[in-house]
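Colleague: Sharing the record's features from TrEMBL:
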BINDING   Tyr38, Gly63, Cys64, Ser65, Asp88, Asn89, Asp116, Ile117, Asn131, Arg198  S-adenosyl-L-methionine binding site
DOMAIN    61-157  domain 'Methyltransferase'
Amino acid sequence: MHKDDIFAEPLTQVPDFCFDDQVAEVFPDMIQRSVPGYQTIIQTIGKLTSRYQQPDSTYYDLGCSLGAATLAMRRNISAANSTLVAVDNSKAMVERCERHLQVFRSDVPVQVKLADIRQQPIENAAIVVINFTLQFLPQADRSALIQRIYQGLKPGGVLILSEKFISADHTANELLIDLHYEFKRANGYSELEISQKRSALENVMKPDTLQQHQQRLQQAGFSSQTLWFQCFNFCSMLAIK
Ligand SMILES: C[S@@+](CC[C@H](N)C(=O)[O-])C[C@H]1O[C@@H](n2cnc3c(N)ncnc32)[C@H](O)[C@@H]1O
Ligand SMILES: O=C(O)C(=O)C[C@]1(C(=O)O)C=C[C@@H](O)C=C1
């Protein structure tokens with residue numbers, strides 16, 4: 001696995017973060033060392049897939065990157081006539097995702113698409129996963145996507161939404177951010193790497209509060225929702241149609 005040292009040297013100007021070749025190359029190491037509970041979330045997406053699968057359905061992974069969640073879903077689908085659709089608008093990610101999926105054999109067909117998730121039709125879905133991707137959409141576009149997902153889910157279908165979040169409570173917010181930085185330090189990132197990555201993400205990743213997410217899911221029409229994972233300022237939610 002290639003080590004993420006993208007922000008290790010001082011940069012005169014830190015460019016906006018983007019999912020280019022350089023990031024795609026180190027992504028497994030980057031996400032593992034940056035997102036607390038990432039492995040737990042991926043494994044649980046697998047468990048939730050075996051629980052909520054339905055025959056004759058489509059499964060979506062929106063913002064699939066290298067396909068970690070796609071693979072976890074695919075490994076756990078046994079229902080007849082299932083199809084997976086994995087979507088990402090980074091060419092570097094999609095190319096690697098396709099190669100990655102070919103390494104493991106499966107009878108469940110996967111379509112990997114280079115596209116904007118805002119344009120991806122959602123139809124006949126048993127499960128839709130958006131793992132740490134909604135946070136990269138302009139805030140004004142988030143509700144429309146969640147509404148389209150709701151409409152594209154079958155009755156009993158589920159949305160699994162993982163996000164970094166902020167807290168409206170200033171003290172709590174500072175604490176969770178600080179604990180996240182401590183996690184990064186413990187995983188070998190230097191102060192310089194942490195601060196340059198923060199600058200790179202500042203303009204491109206705008207996290208919502210948990211309340212905003214919960215309200216958005218409710219307004220879309222989901223009959224049931226729960227936070228099933230939280231570690232520091234990272235969480236995953238499940239919403240059922
Ligand atoms: C943090 S990564 C997602 C990680 C991945 N879901 C996983 O579980 O390993 C965010 C991904 O979303 C993609 N992305 C961001 N905005 C997008 C958009 N509008 N349409 C499609 N993909 C998008 C990026 O290219 C990137 O690969
Ligand atoms: O490194 C951070 O501080 C993050 O916010 C982590 C985060 C994410 O939440 O998606 C941001 C970008 C990288 O793609 C991987 C993880």
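Each Cβ is built from the backbone N, Cα and C atoms, and glycine gets one as well.
Quick one: how deep are these features, and who are their neighbours?
Modeller: Of all Cβ atoms in the shown protein chains, 25 besides its own fall within 10 Å of the Cβ of Asn131 (S-adenosyl-L-methionine binding site).
Restricting the average to the domain 'Methyltransferase' (61-157) gives a pLDDT of 98.
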Colleague: Does Asp116 (S-adenosyl-L-methionine binding site) have same-chain partners at least 6 apart in sequence with Cβ under 8 Å from its own Cβ, and which are they?
Modeller: Asn89
Colleague: What whole-number value in Å do you get for the largest C-alpha pair distance within Tyr38, Gly63, Cys64, Ser65, Asp88, Asn89, Asp116, Ile117, Asn131, Arg198, the residues recorded as binding S-adenosyl-L-methionine?
Modeller: 25
Colleague: Going by DSSP, is Asn131 (S-adenosyl-L-methionine binding site) sitting in a helix, a strand, or coil?
Modeller: strand
Colleague: Looking only at Cβ atoms, how many others are within 10 Å of the one on Tyr38 (S-adenosyl-L-methionine binding site)?
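Modeller: Here the count is 19.
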Colleague: Please report the number of other Cβ atoms within 10 Å of the Cβ of Cys64 (S-adenosyl-L-methionine binding site).
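Modeller: Result for Cys64 (S-adenosyl-L-methionine binding site): 30 neighbouring Cβ atoms inside 10 Å.
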